[in-house]
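Have a look at the structure below before the remarks.
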Amino acid sequence: MAPQTETQAKAGFKAGVKDYRLTYYTPDYQVKDTDILAAFRMTPQPGVPPEECGAAVAAESSTGTWTTVWTDGLTSLDRYKGRCYDLEPVAGEDNQYIAYVAYPLDLFEEGSVTNLFTSIVGNVFGFKALRALRLEDLRISVAYCKTFQGAPHGIQVERDKLNKYGRGLLGCTIKPKLGLSAKNYGRAVYECLRGGLDFTKDDENVNSQPFMRWRDRFLFCAEAIYKAQAETGEIKGHYLNATAGTSEEMLKRAVFAKELGVPIIMHDYLTGGFTANTSLAYYCRDNGLLLHIHRAMHAVIDRQRNHGIHFRVLAKALRLSGGDHLHSGTVVGKLEGEREVTLGFVDLMRDAYVEKDRSRGIYFTQDWASLPGVMPVASGGIHVWHMPALVEIFGDDACLQFGGGTLGHPWGNAPGAAANRVALEACTQARNEGRDLAREGGDVIRAACKWSPELAAACEVWKEIKFEFDTVDTL
């Protein structure tokens, strides 16, 4: 019997290490409509050619490994391998490049964000030849989009459920975020909803701690919702956080919320995980619950401009996994959010079709096919003086979330809610009349103060509050 080495030689196998670019750098490749496309910001180690780094990213996130293996001959690498098909230097940076990589559709399990991310943002981010690597954008092909359910309901269905049209929605995160008893928590919920808000929200930190177990919180919040609805004649909701230590416990909390008859629940999709989030989204569609998504942990992943994952990619992942709301930053509050970049991923959340626009950080044209849109949630250090800018920036299909900007009102929670509602309706009316909120917004708010003492008091408290810092992540 011939030695194994002779058999390998006859089959064309040659052991050893060869440059990735010999196999995975293919600048002549014609991208297919079914491909998943990725734009990576690469910082190669000194002395490593960008072509080799781009090819390494394509290889290590698809079929490649560090050495030639004889089992390559048992499959079709041309069919399954990722390809670095283009490189471009990053303007203003000495050693950064955008590497464009195309992945065949068959590399990914249908309907699984978990599998998609395991491949594309897996071990390759620890690759030694790279000093830093950031996933800037993904193009999700229509063929792959059609394997996902997406949002449980979407923007239009939510408006129909709430019977609220023609303005943005108002919310408030209950503060202090930790330490309240369930009864006192429910009292704050009632006061905010009674004062004019559409929603109140569990802070992402609130799960089921010793000071307030989840079942008690759900019961007192449901009581608050029904009382506020009866007194205002409006449909109200509270984002009951179903996030838990296990998927089974998460679904148990969702079931209890459904039994209480509340309209909406909440999940932390990054800390809870994509698999758990997708399971919850399926449950919510089947049972008529809206799903509010918080992005706790996102800044660990997306804030550094040369390493990690840009939030526009995390937003796309959520649109696939499923959620009716997603926190998106504010541009004007205390949390990170550069205007054009924020508007770029807000459009990616809401619109069915978004054209490539590098001025807003959108690297690929994205067609979402029939996936429902996700409502952006603006929250973090915002108050009534920000309302003109928020209405101008986000339009009507957004939820404006005032936590301290409601509960910090000098007269209490209900007046704080009333101040926000008056400010929102005044700005919406002014916009509808053709007024320029960017230029006249302050005048609109001051005019409304004349007939709303609650708004006047809020304006006096927060007239000097600003959060003006340079953004860390810029184009």
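Here the Cβ of each residue, glycine as well, is placed from N, Cα and C on the backbone.
Note that this is a predicted model, so its numbers are computed, not measured.
Annotated features, as they stand in Swiss-Prot:
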type	residues	note
MOD_RES	Pro3	N-acetylproline
MOD_RES	Lys14	N6,N6,N6-trimethyllysine
BINDING	Asn123, Thr173, Lys177, Arg295, His327, Ser379	substrate binding site
ACT_SITE	Lys175	active site, proton acceptor
MOD_RES	Lys201	N6-carboxylysine
BINDING	Lys201, Asp203, Glu204	Mg(2+) binding site
ACT_SITE	His294	active site, proton acceptor
SITE	Lys334	site 'Transition state stabilizer'
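The sparsest Cβ neighbourhood within 10 Å, among the listed recorded positions (Lys177, His294, Arg295), is found at Lys177. If you measure from the Cα atom of Asn123 (substrate binding site) to that of Glu204 (Mg(2+) binding site), you get 29 Å. In this record, substrate is bound by Asn123, Thr173, Lys177, Arg295, His327, Ser379; the longest C-alpha to C-alpha distance in that set is 37 Å. Long-range Cβ neighbours of Lys14 (N6,N6,N6-trimethyllysine) (same chain, at least 6 residues apart, Cβ-Cβ under 8 Å): Thr68. In this structure, the recorded positions Lys201, His327 were compared by how many other Cβ atoms lie within 10 Å of their Cβ, and the smallest count belongs to His327. Ranked by Cα separation from His294 (active site, proton acceptor), the recorded positions Lys175, Lys177, Asp203, Glu204 are led by Glu204. Summary: among the binding-site residues (Asn123, Thr173, Ser379), the fewest other C-beta atoms within 10 A of the C-beta are counted at Asn123. Calculated from their C-alpha atoms, the gap between Arg295 (substrate binding site) and Lys175 (active site, proton acceptor) amounts to 18 Å.
If you measure from the Cα atom of His327 (substrate binding site) to that of Glu204 (Mg(2+) binding site), you get 11 Å. Remark: Glu204 (Mg(2+) binding site) has Asn241, Thr243, Asp268, Thr271, His294, Ala296 as non-local neighbours, by Cβ distance under 8 Å and separation of at least 6 in sequence.
Straight-line distance linking the Cα atoms of Ser379 (substrate binding site) and Lys201 (N6-carboxylysine), rounded to a whole number, equals 11 Å.
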